[in-house]
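S.K.: I am attaching a structure below and will ask some questions about it afterwards.
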Amino acid sequence: MSHVLAAVAWPYANGPRHIGHVSGFGVPSDVFARYMRMAGHDVLMVSGTDEHGTPIQVQADAEGVTPRELADRYNRVIAEDLRALGLSYDLFTRTTTRNHYAVVQELFAGLHRNGYIVPRVTTGAISPSTGRTLPDRYIEGTCPICGYDSARGDQCDNCGNQLDPVDLINPKSKINGETPEFVETEHFFLDLPALADALREWLDGREGWRPNVLRFSRNLLDDLQPRAITRDLEWGVPIPLDDWRDRPDKRIYVWFDAVIGYLSASIEWARRTGDPEAWRRWWSADAEGKDARSYYFMGKDNIVFHSVIWPALLGGYSGAGDHDGEPGALGRLNLPTEVVSSEYLTMEGRKFSSSRKVVIYVRDFLERYDADALRYFIAVAGPESNDTDFTWAEFLRRNNDELVAGWGNLVNRSVSMAAKNFGAIPPVDPAGLTEADEALLATARAGFDTVGDLIGRHRQKQAIGEAMRVVAEANKYLSEQAPWKLKAEADKPRMGTILHVALQVVSDANTLLTPFLPHSAQQIHELLGGTGVHAPMPVLEEVDDLDGGPAYPVLTGDYTVGARWEPVPLEVGRPLAAPKPVFRKLDPSIVEEELARLAG
Ligand SMILES: [Zn+2]
C-alpha cells in the first residue's frame with residue numbers, strides 16, 4: 001500500500017471542454033484513481049482550471065469582460081462537466097487562488113535563490129496601443145522564405161519553417177491589425193541546460209513508461225535552451241523579487257504557473273482537511289513521502305511540460321542540478337514516477353475544432369446520453385496508445401451491441417429471473433456445484449488479478465476487454481445452462497444454483513467494471529440488494545478562498561467509502577430489488593441526427 005498521486009492535466013478556462021479533452025486524460029485518470037483506491041492505496045487526485053495567460057486576456061478584451069470574469073465563467077462550466085462525468089477528484093481547484101499564487105512564488109524564489117532563474121534582455125513584440133506583449137502566434141505577416149502572406153510569428157504553415165516574428169515582412173497583430181513594435185525587454189529565464197544532467201540521470205532510472213514518451217523526453221534533453229518564464233502582461237502571478245513584485249506589467253508565464261498547480265492543489269487540499277502538512281506524504285523526497293508514487297495524465301502535446309520542465313522545476317527547487325543549492329521551505333520534492341500521455345481523438349475523421357464546429361461539448365453530450373455510455377466508449381475505443389476516431393455509428397454500435405446487449409443483458413436476465421422465481425439471492429443446491437459452475441466462478445475471481453494489473457500498468461483498453469470477457473463467459477454459461485427450462489418443482493434447486501452462480505459473477509464483474517462505469521456500478525449494486533455507497537461520486541462545493549480571495553466552486557468527495565477490489569460472496573436470502581434496465585438502448589436514428597447537427 002502506498003501513497004499515490006494522480007495528477008491530471010489542467011484544462012484551460014477559455015471555453016467549455018469537448019469529449020476529445022476528457023478522452024485523453026480525464027476519464028483514464030479517474031479509472032486509475034478509482035482502481036488504486038479500491039486496491040487499498042491512499043490516493044490523492046488533483047487538478048483544476050488553468051486561468052492565466054494571453055489567450056484568456058485576449059478573449060476577455062474581445063468580450064468586454066475582465067479575465068477573472070471569463071475564468072470564473074468557464075471554471076464553473078468545466079467543473080460541472082467533470083462532476084457529471086463522475087471524475088473523482090479529491091480537489092479540482094483553479095490557478096487564481098491566493099494559495100496557488102503563494103506556492104508559485106515560493107518555487108520561483110527557491111529556483112532563483114539556487115541560481116536556476118536568470119535575467120536576460122530579449123527582443124519582444126508589443127502592441128503600441130496597449131503596451132502588452134504580442135505572443136508570436138498573435139502576429140501574422142509575409143513569410144521571408146516562401147512569400148506566403150499569412151505566416152504566423154512562430155511558424156509558416158505553407159513552407160513549414162520555424163520563424164521569428166521580427167523576420168516577418170509586414171507584421172500585423174492578429175488581435176487588432178496594428179503593426180507591432182519590437183522593443184528590448186528584460187525577462188527571467190529558467191536555466192534548463194544547468195538541469196539537463198540531473199534530468200538525464202532521473203530519466204535513465206524510469207521504468208514502465210511508454211517507450212515513445214521516454215524516447216521523446218530523452219531527445220529533448222539534447223537541445224535544451226534557457227526558457228523564458230516571465231511575460232509583459234498584467235494577467236498572471238506577480239514576480240516575487242524586489243523591484244519586480246509591484247510592477248503591473250510583468251507576470252510569471254502561464255505555463256510556469258500552471259504546472260505548479262499539481263503541488264499547490266495538493267497543499268490546498270491538505271489545508272482544507274485541517275492537516276496542513278498532509279500533502280508531504282505524496283510529495284516529500286524525504287522520509288515523509290518514502291512510499292509515494294506520482295502519475296501524471298495528459299495529452300501528447302503536453303509531454304515536454306511533464307517529463308522535462310516540471311521535473312526541472314522540482315529538481316532545481318530541491319537543490320539538484322549543476323548549481324546545486326538548498327531546498328526551500330517545502331523541502332526536497334519528488335519527481336514524477338510516471339508520465340502517462342495519451343494520443344488524440346478525432347471526430348468523424350476530422351480534428352476537433354471549436355471554431356470550425358467539429359466538436360461536441362461534454363455537457364451537450366451528457367444532455368442526450370449517459371455518462372457511463374461515454375466512459376465505456378472512451379475505455380474500449382479511446383486514444384490510449386493510438387490516435388482514434390470517434391464516430392456516432394461506432395458509439396451507437398458499442399453502446400447497443402456491447403454495453404446493452406452484453407453487460408446490461410447479463411445483469412437484467414440474471415436479476416429478473418432470480419427476483420421472479422426466488423425474490424432473493426437463491427441458495428446453492430446441497431448437491432453442490434458442477435464443473436461449469438466452478439469454472440465460471442474461477443474466471444470471475446481471476447479477473448481481479450488480470451484486470452487490476454492491466455489498469456496499474458495503464459493498459460485500460462486491455463483491462464476492460466478482460467472484464468467484458470468475464471461478462472461474455474457468463475452470458476454463454478446462462479445460455480448453456482438455460483435455467484428458464486428448469487421450472488418443474490424438482491428442478492428448482494438446480495435453477496437456484498445456476499442463478500446464484502450467475503448473480504455472484506454479476507457482482508464480481510460489476511466490481512471489475514466499477515472504475516470504468518461507476519454510475520451503473522452503483523445501480524447494479526442496488527439491484528443485487530446491496531445498500532450504501534459502492535462507487536463514491538464527486539460533489540461540487542462552494543468554498544471560501546483560504547487566504548481571503550473571492551469564493552469559488554471546487555470538486556471534492558469522500559472516497560474512503562465504497563467497494564474494495566475483491567470478490568464479495570453474496571448473502572443467500574438477501575432480497576433483490578425490482579429489476580429495471582441499467583443501460584439505455586439507443587435508436588439508430590441518433591447517428592443521422594448527430595451528423596446533421598455537426599454539419600449544421
Ligand atoms: Zn513560408
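Glycine is treated like the rest: Cβ placed from N, Cα and C.
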S.K.: Kindly point out the range from 11-21, 132-142, 176-186, 319-329 that TrEMBL annotates with motif ''HIGH' region'.
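M.R.: The range carrying the motif ''HIGH' region' annotation in TrEMBL is 11-21.
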S.K.: For the record in TrEMBL, which of the ranges 46-50, 206-210, 351-355 is the motif ''KMSKS' region' one?
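M.R.: Going through 46-50, 206-210, 351-355 one by one, TrEMBL flags 351-355 as motif ''KMSKS' region'.
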S.K.: Please name which of the binding-site residues listed here, C143, C146, C156, is nearest in space to S354 (ATP binding site), Cα against Cα.
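M.R.: The answer is C156.
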S.K.: For the domain 'Methionyl-tRNA synthetase anticodon-binding' (434-552), what are the DSSP-based totals of helix, strand and coil residues?
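M.R.: When I sort the residues of the domain 'Methionyl-tRNA synthetase anticodon-binding' (434-552) into the three classes, I find 82 helix, 6 strand, 31 coil.
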S.K.: Give me the sequence-ordered set of same-chain residues, not including C143, C146, C156, C159, with a C-beta within 8 angstroms of the centroid of the Zn(2+) site's C-beta atoms.
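M.R.: Filtered neighbour residues, in order: P144, I145, G147, Y148, A151, D157, N158, G160, N161, L163.
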S.K.: Which residues, sitting 6 or more apart from C156 (Zn(2+) binding site) on the same chain, put a CB under 8 Å from its CB?
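M.R.: In sequence order, the residues whose Cβ lies under 8 Å from that of C156 (Zn(2+) binding site) (at least 6 apart) are C143, I145, C146, Y148, L163.
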S.K.: Within 10 angstroms of the C-beta of C159 (Zn(2+) binding site), what count of other C-beta atoms is obtained when all protein chains are considered?
M.R.: 13
S.K.: Counting Cβ neighbours within 10 Å across all chains shown, tell me which of the binding-site residues C143, C146 comes out on top.
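M.R.: Output for this query is C143.
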